[in-house]
Amino acid sequence: MATVAAAARGAGARAAAGLRSCGGAVARERPRSGCARRLCSAPAAPAAVDMKSYLWARYHEAKRSTDELVPSIMNNLLNPDAIFSNNEMSLSDIEIYGFDYDYTLVFYSKHLHTLIFNAARDLLINEHRYPVEIRKYEYDPSFAIRGLHYDVQRAVLMKIDAFHYIQMGTVYRGLSVVPDEEVIDMYEGSHVPLEQMSDFYGKSSHGNTMKQFMDIFSLPEMTLLSCVNEHFLKNNIDYEPVHLYKDVKDSIRDVHIKGIMYRAIEADIEKYICYADQTRAVLAKLAAHGKKMFLITNSPSSFVDKGMRYIVGKDWRDLFDVVIVQAEKPNFFNDKRRPFRKVNEKGVLLWDKIHKLQKGQIYKQGNLYEFLKLTGWRGSKVLYFGDHIYSDLADLTLKHGWRTGAIIPELRSELRIMNTEQYIQTMTWLQTLTGLLEQMQVHRDAESQLVLQEWKKERKEMREMTKSFFNAQFGSLFRTDQNPTYFLRRLSRFADIYMASLSCLLNYDVHHTFYPRRTPLQHELPAWSDSPSAFKAPLLQEAQAK
């Protein structure tokens, strides 16, 4: 991810450096004070030069430079099985490892989202009296991505960047994109004010009108919302968007609460659970090095037990020092009142007061404050893994000082796309072209502006192309056109490290230190980046000699 960005930025920045001038001479050295004031200067073309030819010569030289750069980037591709660091962390300091269950210890096949979608759709029809015609809609795994925001009152799904700006072309009402002009009219621009955004946990509450879909289970929910919206719109059915959102949310919730999903998985566990060997290997490695381990999940006891028996074996509880089910995260991390209850071998809740959390036992509910009191596991010696940035990680890192690891399954597929030559070629040229536009915008004559408009058109087309590399509707989970997504902003804040799956831990020893890659800030020299020297693009030379 950072490889192409750093290289492309290096190409653009060095192109810009080669294009800066003072009084017509190329400034290859630090500009003198008088020249430094001319922040938007570009090479002054000789008076007799045809500006159109001059600019296109610059363009083609930059293109050649980009083409020469791509092979060196292809020799330094990112490993999809790597662990990436937002914050320096040494595994030598970690004594206790904690895990969520769903999409952390256990991964599910593509069949699960289809199951959730179909079950929730049928609940809408059978219990909420929605039109039977919506049964024609099937789950489309290629429609939505995680991290999207849904405007509950306007019934539109969208992608928002780290600065609360909507990415144009990613606003959907039903299954159709909303034109940019309509979006701008709707929001009086493209910025979403803080008071309209979702609350701390991504929910639409306390006056917030947007819901952010952060967990992997939300993918079928977004698709179902969009499908039902589409049906109502296509058939001119008058409806209240708030009621629709609530009904879909309740139906998705009931798939879990009523046990529909749990029973289906337990009945055909091989169909739904995958990568069992990898999880088993990670747990065995940590146990062999004497690490303490615990499990805190919102899933029920019998469901977790059957899944872990399939993944690890019937003695799976021997690996964990503490097992907590139906924890009701994120409330588990904030509520100081709910006591733990022991679950016996038959799944019956006992009423004994819990004075100690014993190995081999399963406990229900409880709260983190009591957990800390009974275990003494505090601070940065604890590393907890989960897939939900808010419910699993936010409170732990902000309030309790635990180290946190985010499991982002989409990371592996995105990195594989980013390692393709087509993506690298496109992104490197896009960044270089942006640098050219930045420098050459000072030429205000009509002929130059026509050339710049062509460049802007090409840039817009390329940005749309880069979006479609990942998802035709919404693009990358991690980026909008230019900025990080709101999802990535929260990931960077709440996760010390992140990876595609727990199996990535197998590539590192238990004493490994993760160092965040130093990337240059906007006001820093690109040369300060820690990118390999192979990414140092040559300066663009003057297109015209004196």
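Quick reminder: no glycine exception, Cβ is built from N, Cα and C everywhere.
As recorded in Swiss-Prot:
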ACT_SITE  Asp100  active site, nucleophile
ACT_SITE  Asp102  active site, proton donor
BINDING   Asp100, Asp102, Asp387  Mg(2+) binding site
BINDING   Lys249, Asp250, Ser251, Ile252, Arg253, Asp254, Val255, His256, Ile257  substrate binding site
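Structural mapping of features recorded in Swiss-Prot.
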residue	record	contacts (Cβ under 8 Å, 6+ apart)
Asp100	active site, nucleophile	Leu295, Ile296, Thr297, Lys329, Tyr384, Phe385, Gly386, Asp387, His388, Asp392, Ile407
Asp102	active site, proton donor	Tyr108, Phe217, Thr297, Asn298, Ser299, Asp387
Lys249	substrate binding site	Glu221
Ser251	substrate binding site	Ala120, Arg121, Leu123, Leu124, Glu127, His128, Leu224
Arg253	substrate binding site	none
Val255	substrate binding site	Ile116, Ala119, Ala120, Leu123, Met261
Ile257	substrate binding site	none
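Its Cβ placed at the centre, Asp387 (Mg(2+) binding site) has 23 other Cβ atoms within 10 Å.
Residues Asp100, Asp102, Asp387 make up the record's Mg(2+) site, and a Cβ search at 8 Å around their centroid adds Tyr101, Tyr103, Thr104, Leu105, Asp215, Ile216, Thr297, Gly386, His388, Asp392, Ile407 from the same chain. Within 8 Å of the centroid of the Cβ atoms of Lys249, Asp250, Ser251, Ile252, Arg253, Asp254, Val255, His256, Ile257, where the record puts substrate, the same chain has further Cβ atoms from Ala120, Leu123, Lys258.
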